[in-house]
Every structure is written in C-alpha cells, then in structure tokens.
Amino acid sequence: MSDNDRNSPADAQKKKRGLWGWLKSGFEDPVPRFTHETPQEAGAPADEGREAAPAPSGDAAAVTGEASSTTPVPAAEVGPEAAPAPVAEVPPPVPVEVPVAPAGGPAFGAQIEQPPAPTVVPVPPAVAESTSEAVRVPMAEPEPEAPVAEAPPAIASESVEASAPAFEAPPEEAPVLEAPIVEAEPAPEVPPPAVEPALVDVPQQLPVEPEPVADGPAAEPQPAKKGFWSRLASGLARTASSLGQGITDLVSKRKLDADTLEELEDVLIRADLGVETSMRIVETVGKGRHDKMISPEEVKRLIAEEVERILIPVAQPLVVDTAHKPFVVLMVGVNGSGKTTTIGKLAAQWRTEGKKVVLAAGDTFRAAAIEQLKVWGTRTGATVIAREQGSDAAGVAHEAVVEARAAGADILMVDTAGRLQNRTELMAELEKVVRVIKKLEPSAPHAVLLVLDATVGQNALSQVEAFTRIAGVTGMVMTKLDGTARGGILVAIAAKHKLPVHLIGVGEAAEDLQPFAARDFARAIAGLN
Ligand SMILES: Nc1nc2c(ncn2[C@@H]2O[C@H](COP(=O)(O)OP(=O)(O)OP(=O)(O)O)[C@@H](O)[C@H]2O)c(=O)[nH]1
C-alpha cells in the first residue's frame, strides 16, 4: 500500500481501532501505520529539520503528519532536549512498564544527561512455545488504570495459549511488583534513579502465527501468500511499467537510430537511473544494432543485464556477526524514510530465527515513534528500551547497550529521529549517539544502516553523502520502492557511491523487507519475468 492510500476510508477506519484493536488484527495484517505527528500538530515548537522530509520526486506522497489520536503530545514535552515529563504523565501503552535505574558506571554519568525513570517494555506474549533461554527483563509493575485493563484482550488475541500469559508475574514474586510505585506519583516522590530495578527471568519465547480470536468474526479466506519474486515484482511494478511502456512505445515501430536512443536515454533518466547509468545502458543497447529493429523484450533484457552489472558489487547481505553480543545496528535517515518500520520488520525476521532482539527507542523526538517501536516489540517479542518523549537520544542508546548486554541479547537495534542531512545541529546530535555507543563498545555500532525513501528521488544522493560523513554509514536499506515509478534511484546511488545495499522495502508488511539481490532487482525493474 502506498502512502497515498493513507487517506482512504479503510485506512482511516484502521486508525480508529486504536493500538490494541490493531494488535488484535494479528501478525498477518499489514504493519502498523503510524502517522507522522508534526510538531505543529502536536502543539510543539516548529523544527524544520525534524518535520520536513524531502519532497518526493516520484508520485508517492511524502510522509506527512496526522496527529496520533492515541498519543497526545503536550507542547512542553516536545523537543529533543526538553526535560522529560514525570513518568506519571505518560500513560503506559503496554501492560507492563517499569522504571529502570539508569545503567552505566559513574564515568558515563558524567557524559550523558541522566533523564529520570527510563522505562523498559518487556517481551510480550505473542508467542507460544518457550525455549530454554531466558531474558532478564524488568519486573512488571501492576498499573491499576486503563492499560492493565486493556492488556488481556490484546494478549488473548495475539497469544496462542491464553491460559498461560507469559507476562503474568508468578505469585511468589508478586511483592516485587509493589516496590517501585513511581509511575502514579508526582515527580518529587519518584525514587531516585539509582534504585535497582526488580528483575525477573522471563522465558524467551519465539513468535508464532496467531490463532484466530475465539469470539471474533468468522475468518475470511486468506489470499495465498506471495512468494519472494512476486512481492518484488509487484513492489517494483510501477517502475517496471513506466519503463516498459516507455520502451515499448519507442522501439516497437521504429528502428534503433540516434533519435530513438536519445529518447530511450530520457525514459531511463525519468526512472531516476541517473544520467551516467542511462548513458551507459543506451551505449550497450545501441552497440551493433544501429538502424535495426529491436524488440521491447530485447531492450528490457539489455537494460536488466547492464543494471545487474552495476548492482552486483553493492548487493551485500546484512550479516550479523555473532562475535558481537549484542550486534549493534544503528538506524539513520531523514524524516519518515522508514527507519522505525524497518527496525520492526527486521525484528520480526530475526525473532523468527530465534534471536534475542532488543530495540532502543532513540527517536525521542516523535512520541508516535516510541509507541510504534513498542508495538513492534509487542508484536515480535523483542524487548524495547524507551524513555519519555524529549529524552536525550544518546542516553537511551547508552541504556539500551547496557540492558542488551545484561540480557545477553544477540542484536540491539537503535532507532534515531529523522533529520535532514543539512541540519548541522541535528547531525551533531546523531554524532553524539554514535560517540556514546562507542564509549561503551568501541567496535559498535557494528552496522549503521541508512534508510532511504525511494520516493525522494535524487535527494537520496546527498543523504548518502551527509549521513556517511557524520554517522559512518556501512550499508543502506531502500524503502517504499513500491510507492514510486522511479525505483531506478537505487541504481544511481549504487553507481555513484558503491555503498552496500542490504535490504529493500517493497511494501508495508514484514515480509516486504527483502534481502537485496542484484539479478532479481534488475529483472524486476526492467519488467522481465
Ligand atoms: N509502501 C511502503 N511504505 C513503507 C515502507 N517502509 C516504510 N513505510 C511506511 O513509511 C511510513 C514512515 O515510516 P517510519 O518507519 O515511521 O519512518 P521513520 O523513518 O521512522 O520516521 P521518523 O521517525 O519521522 O524519522 C510508515 O507509514 C511506514 O509504514 C515500504 O517499503 N513501503
């Protein structure tokens, strides 16, 4: 579904369902659709670099703001450096949420502003089978208010075994739940952050396909699951059909003369393949075929071969080096490029492989991003480290590294707020996140993934330059290839920057994040079967 579809009545209806309503919809649903809450809409001070994503050059809409109905943002809390609100003012959106003492030694305390009472969202029970592994997560604190009341239905809808909710505290440990009653108290009564969080071993569980809700409507027949190729081909259909139509119109009735080749070059440039790449392709197509008839299929084949040649060196899988525990992945990119969604999709895939995954809600600028990550945590069974909106992102990253280590996590993914590459102060903030992670673990982050929105077109080229310079980008994920007819931008970036391309997003479902394969991509973009 493209961003354009957000305003459809069906989409609006989905949004009205609310968080738990969405969770009930189960694992097969499209991924959660979180809108981008602009500072203005939230009543916050304007911040151009945060709010203004580059205008898409393709025909897919840019990610625009619609205030989230579930997470109202008080004006005073908005802004990356704003003092965090008392915990009591942030209604926990998940069943359990407890304050965790800021980890890290005194040496680090001098480096980072220490916001109060970070929260940890424990692994939720969207699971069926326990493994022998256990992850240490903070003990759940009972919340007498609405969130607790809402929790059981959500668990019931996701959990396979309603009789064994993984998140119910064992009776003998119940007293621990009463200890840090800080969330409902006014700020002055919140215990100092040095208090040890109560920890309990919670079985690490693997996500499974959800069972239908017992009292829900009769299950509709599900469409057959798409295969890898069909997802890729349908995701790139807009680019392929635009290219294909242009090629067919050009060569089906004409000989391959100089004019035809020039027009072919225009068709390729319009698909954002870039001038150099387009010239290179046209040269290949024209070689030995001047003034001869050529079929559209033959031209597509030649394009695919040339594109594949360009892509082969950059098509590199994202390899998790198990020597690092956790393997730290930092997500960077401009506003709305798909960082949080990509984290969720990756978490889903890695959790299915049985990996222990921790997610750090380092996009502290946008309240909805924190909620979005928590939902992905609930959905995938990954632990989420989150603080209030406006907290120091570097502090969250620090906390997350400490917690992920303590939990023996395999992978830690750190989300960051979207920022325009030309906003120096925001890029400096990102630099600080990297610095803080390195201070704890010099080899980390082990992967810095630049998430690029394919619909922004040529602007992506300067994003690669800036983010690589500031954050040391190691690889790229290109999202929303399904929302543009100009997916050729990936080829232009590959040709210019030679940056590894690990993954591509061709839709909003978790399965729509695919490993990048040069041949498949080249053939799909050219419209070949
Ligand atoms: N169609 C499509 N939509 C995508 C894809 N990847 C992400 N999206 C959507 O893009 C929108 C923005 O994604 P987010 O993950 O919130 O973006 P972000 O980079 O975290 O945003 P900021 O926090 O503002 O920087 C969401 O509606 C996603 O569902 C994709 O591959 N295809």
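Easy rule for this one: first residue shown is 1, then count along the chain.
Using N, Cα and C of the backbone, Cβ positions are placed for all residues, glycine too.
Feature annotations, reproduced from TrEMBL:
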REGION    1-89  region 'Disordered'
COMPBIAS  26-39  compositional bias 'Basic and acidic residues'
COMPBIAS  52-62  compositional bias 'Low complexity'
COMPBIAS  72-88  compositional bias 'Low complexity'
REGION    131-150  region 'Disordered'
COMPBIAS  133-150  compositional bias 'Low complexity'
BINDING   333-340, 415-419, 479-482  GTP binding site
DOMAIN    500-513  domain 'SRP54-type proteins GTP-binding'
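Location within the structure of each feature annotated in TrEMBL.
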residue : record           : DSSP class
GLY333  : GTP binding site : coil
LYS339  : GTP binding site : helix
THR416  : GTP binding site : coil
LEU481  : GTP binding site : helix
When you scan the chain for residues with a C-beta under 8 Å from the domain 'SRP54-type proteins GTP-binding' (500-513), skipping those not six or more beyond its ends, what do you find? 1, 30-31, 33, 225-226, 231-232, 234-236, 311, 314-318, 338, 341-342, 344-346, 348-349, 449, 474-482, 490, 493-494, 521
Among LYS339, ARG419, all listed as binding-site residues, which has the most CB atoms within 10 Å of its CB? LYS339
Among LYS339, THR416, ARG419, which binding-site residues lie by ligand 1, judged by Cβ under 6 Å to any atom? LYS339
Which value does the mean pLDDT take for the domain 'SRP54-type proteins GTP-binding' (500-513) in this predicted structure? 93
Hey, what's the Cβ neighbour count for THR416 (GTP binding site) at 10 Å? 30
Taking DSSP states H, G and I as helix and E and B as strand, how many residues of the domain 'SRP54-type proteins GTP-binding' (500-513) are helix, strand and coil? 3 helix, 6 strand, 5 coil
Residues near GLY333 (GTP binding site) in space but at least six apart in sequence (CB under 8 A): LYS339, GLY418, LEU450, VAL451, LEU452, ASP453, GLN463, PHE467
Tertiary neighbours of LEU481 (GTP binding site) (same chain, Cβ under 8 Å, six or more apart): GLY235, LEU236, THR239, ALA454, GLY487, LEU490, ILE504, GLY505, VAL506
